[in-house]
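As structure tokens, the structure follows; a few thoughts come after it.
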Amino acid sequence: MAGRAILIAGPTASGKSALALGLAQARGGVVINADSMQVYGDLRVLTARPSPEEEEAAPHRLYGHVDGAVNYSVGHYLADAGRVLRDAWAAERLPIVVGGTGLYFKALLEGLSAIPPVPEAVRAAVRAQAEGRETASLHADLARLDPEGAARIAPGDRLRVLRALEIRAATGRPLSAFQGSRQPGPLAGVACEKLFLAPDRAGLRARIDARFLSMMEAGALDEVRRLRARHLDPMLPVMRAHGVPGLIAHLNGALTREEAVARGQADTRRYAKRQVTWFRHQVGEDWRWLTPEEAAREFLPGH
């Protein structure tokens, strides 16, 4: 199996996990997560992580292994994914990388800029200085310090603006100075079968809405209640997962349950649209776009 992998991408609720599990069972594979929210242990239900029964049916890696208090970066993911890929090949298992986070796939295939880590004290200081300020104002600061880097970041993208300011504060150098040098990705030179699941739009919207209701029935609100009790920084990725802000607003009395559900459904539908758009413009022509039904017929005959 060394030097081979299957990559399965697609929007949320497109059936990626079911296809990955079926392939892992049929081909002796190991399922490797490529979803930036499913890494967090706090949100099994709300991020639609594989169930314990599914995880027992085939090996699964990089699911729920990160605490919600951690700001888990693409660099962290790349290091973890490189390790589990090597372990899979050493065990003669086929890696099946599945998820909807485009930057994870891009980093696996193309590598990542060699940006040094930012000390936590520096990160905290930058965020404390930024608290209460508009993102556009922070972006203007960045434009003065790093015009080239600021030009690559939307003025409203607070997380990326803060990240660039943190790097400047930690290293004394602009983010753009590091973006020319790349460390190769662990899938560089690997024979990869690349699949993108693309359901029809109406069907996907219906699945997203129905799945959110199922999540509520399965305990999503209790999950968010436990997360809220931790009093984490609202800027952390886990606190911005689809459904979390609306359900916290409901727990705080600002939204009804029905309003929180509607917000979670709408946020997830918008995210799915962005996922499709990103992949359409960012990945190469060697990715095969299939409907979930086409993929099942081709790769899981008899299922």
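Glycine residues also receive a Cβ, built from the backbone N, Cα and C atoms like all the rest.
It is 35-38, from the ranges 27-30, 35-38, 59-62, that Swiss-Prot records as region 'Interaction with substrate tRNA'. Secondary structure from DSSP puts T101 (site 'Interaction with substrate tRNA') in coil. Taking a C-beta cut-off of under 8 angstroms and a sequence separation of 6 or more, S17 (ATP binding site) has the following same-chain neighbours: V31, A48, P50, E54, V98. Residue counts of the region 'Interaction with substrate tRNA' (35-38) by helix, strand and coil are 0 helix, 0 strand, 4 coil (DSSP-based). Look at R123 (site 'Interaction with substrate tRNA'): DSSP puts it in a helix. Per-residue confidence over the region 'Interaction with substrate tRNA' (35-38) averages out at a pLDDT of 98. When the Cα atoms are compared, R123 (site 'Interaction with substrate tRNA') and T12 (ATP binding site) turn out to be 31 Å apart.
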